[in-house]
Amino acid sequence: MKASLADARLYLCVDSRRRQGDLPAFLDAVLGAGVDVVQLREKGLEAKEELRLLDVFAEACRRHGALLAVNDRADIAYAARSDVLHLGQDDLPVGIARSIVGDDVVIGLSTHSVEQVQAAVSDPAVDYFCVGPCWPTPTKPGRPAAGLDVVRYAAQAAGDRPWFAIGGINLQNLDEVLEAGARRVVVVRAIADAPDPAEAAAEFAARLAAAA
């Protein structure tokens, strides 16, 4: 699984698409277009409802050979048998999360500063990390942007550790992120809110592949 994560370039965070009512079709479209990792990110879900939705995500991931990620909760990741658990700075320590999910689950960590990147790189328990937000984003209201300088630092410091740039990334500013040294990105609205999500995902995937 860690090898699959290392090969991943395009990581999508998306909600349950309750408003659109198209979750299975949406997942098939974007995973078929080149999304490598997909994470359900929707605050306030009861555990039972989150697991029900994750079943839909898992089925789509199996069809397309993609990785399923769970946000924040090691217990949900364990119950859903996800491939990936992503933790924030204020979530469970990585070592405790590992004791819950086991050795086969890939664990990632959010970082927002040079110091946090340094800590992630020096911790062998962190399988990958995310760097950002590159720009202010409504997904994380009130969080100041880390900016591209932290992305540039990660590009120099990460070595062989996989990492993703995140936060406000879209097709218009993707080249700036690539020029800063990122070769993997996490995307939210630029795919989920696109007029044609599959077309947007395909363009992200193609441009990331060209930069690899």
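Please read every residue number as a count from 1 along the shown chain.
Note that Cβ sites are derived from N, Cα and C of the backbone, with glycine treated the same way.
In the three-state DSSP classification, Leu40 (4-amino-2-methyl-5-(diphosphooxymethyl)pyrimidine binding site) falls within a strand. Annotation source Swiss-Prot lists 4-amino-2-methyl-5-(diphosphooxymethyl)pyrimidine binding site at Gln39, Leu40, Arg41, Glu42, Lys43, Asn71, Ser110, Lys140.
In sequence order, His86, Leu87, Gly88, Asp91 are the residues near Asp72 (Mg(2+) binding site), counting only same-chain partners six or more apart with C-beta under 8 A. For Asp72, Asp91, the entry in Swiss-Prot reads Mg(2+) binding site.
Secondary structure from DSSP puts Ser110 (4-amino-2-methyl-5-(diphosphooxymethyl)pyrimidine binding site) in a beta strand. DSSP assigns Asp72 (Mg(2+) binding site) to coil in the three-state reduction, outside any helix or strand.
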